[in-house]
Amino acid sequence: MTTLDSILAGRYPAKAHARRVAERLQVGGSGRNGIIYLEAQKTRLIEDNDEAMHFRQRRPFFYLSGCPLPDSSLIYNIASDKLTLFIPPIDPEDVIWSGLPMSVAEALRLYDVDQVLHTTDVNATLASIASDGNGKSVAFAIEGQITEGIKFDGFLETNTSVLKGAIDSTRVVKDEYEIALLRKANDISAKAHIAAIEASKTATNEREIEAAFLATCIANGARDQAYHPIVACGQNGATLHYGRNDDDLVDPVTKAGKSSVLIDAGAEYRTYCADITRVFPLGGRFTSETQEIYKIVLQMQLEAIAMLKENVQWEDVHAHAHRIAIKGLLKLGILRGSEDELFEKRISVAFFPHGLGHYLGMDTHDTGGNPNYADKDTMFKYLRVRGRLPAGSVITVEPGIYFCRFIIEPYLTSPETSKYIDTNVLEKYWNVGGVRIEDNVHVTQQGYENLTTAPKAIEEVEVLAT
């Protein structure tokens, strides 16, 4: 049986990715003599400082190389199916401070490429390929990602308009190796979420919970985060991308403790991301109001996940989650009216204002979702993925219900919408802040595979928090 570790012990499948991108470029006939040229991110210094900025590899380059090194480049010769990686030559002055860089032999062993040269060889290689193509080769590159001095002389055309889109579209469907990386990022993140919940038992501030999450990720091999963690206690959870993470868990004025914490955080492992959200109680038990909302959100998520399979229409899944929210809020008395009328009037958007999820991969909000932020339908405006989900895609499923005054109060002051919300009942729920539950799900031909193992059942979460 193939294990996660055995898959990841192999090389990142850069060559297969290059072939898939070339197919999407639809090069045929004489166009098969084309090349793909990509550059890594450059080493950059902090302004007015001699320290390097935090390095984040360019995703298109990594996708076709698996190489995390800065200041590198690659050429994929489509006709010969040859992938060449170019790495920086040795800089004697840099060796004094940083040690010897990766050698050509080591890079050839580590990465799924046919040849490794130095970046000083790029122009000579380009000239040779152009000559072999008799002036009929097309050079595909990305606008704004070509170093000054790189020469495409002798090529029929330098096309900088289609490669980025071809890579972005190809990235939607993940291969076995990519799924393994995403699973590993999820495994590490699950451990970190558990550590964060356990840390809350002695923490006095949001930052201590964040610190526990970060420390666990680093200790388990994920030094980078997929995005800035969100650690939001009490009403801070009503802010979707709250990021201050520095609020006291007990109000310094009233001495009242916050009831719960929403933590949205995920590790980045070898360039691939996890994106997980959990809500847990402070003090070991959810308040009755938070538990009521939690149960609705969990049902929204479980039913949405159950719908996932190849070619499912994502808008349908999102709409179903809204209907579950409406049913739950009607049962609590927060909403008034019929389910169908509330759905048609989009009243649930006041409490669930964002999309159900997004593609996940090398970016947290991964490529290929084709969102329509100009959509006038408020229920779908912020849906980051539109259309049918292909097998092999990985998508987040993250429904939520929030009690954000800024969003809800316009509904309360409008004659058209105020009649659907019972303000007397609503008053009891402001302190809930927000509840969001988020998992990362691999869509398959048969259905789905949930990559996220962090506990989310109320009983499990309360045990960890006690």
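Cβ atoms are placed via backbone N, Cα and C, with glycine included.
Proximity of ASP275 (Mn(2+) 2 binding site) to non-local residues of its own chain (separation of 6 or more, Cβ distance below 8 Å) is seen for ALA226, TYR227, ASP264, GLY266, LEU360, THR364, THR396, GLU398, GLU438, ASN440, given in sequence order. Here Swiss-Prot flags ASP264, ASP275, GLU438 as Mn(2+) 2 binding site.
Its Cβ placed at the centre, GLU438 (Mn(2+) 2 binding site) has 22 other Cβ atoms within 10 Å. Residues annotated as Mn(2+) 1 binding site in Swiss-Prot, with similarity to another entry given as evidence: ASP275, GLU398, GLU438.
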DSSP state at ASP264 (Mn(2+) 2 binding site), helix/strand/coil: strand
Local Cβ density at GLU398 (Mn(2+) 1 binding site) - other Cβ atoms counted within 10 Å: 24
Mn(2+) 2 site shell beyond ASP264, ASP275, GLU438, criterion: Cβ within 8 Å of Cβ centroid: ALA265, GLY266, ILE276, THR277, THR396, GLU398, ARG436
Check: same-chain CB within 8 A of Mn(2+) 1 site center, minus ASP275, GLU398, GLU438: ASP264, GLY266, ILE276, THR277, GLY357, THR396, VAL397, ARG436, ASP439, ASN440
ASP264 (Mn(2+) 2 binding site), number of other Cβ atoms within 10 Å: 25
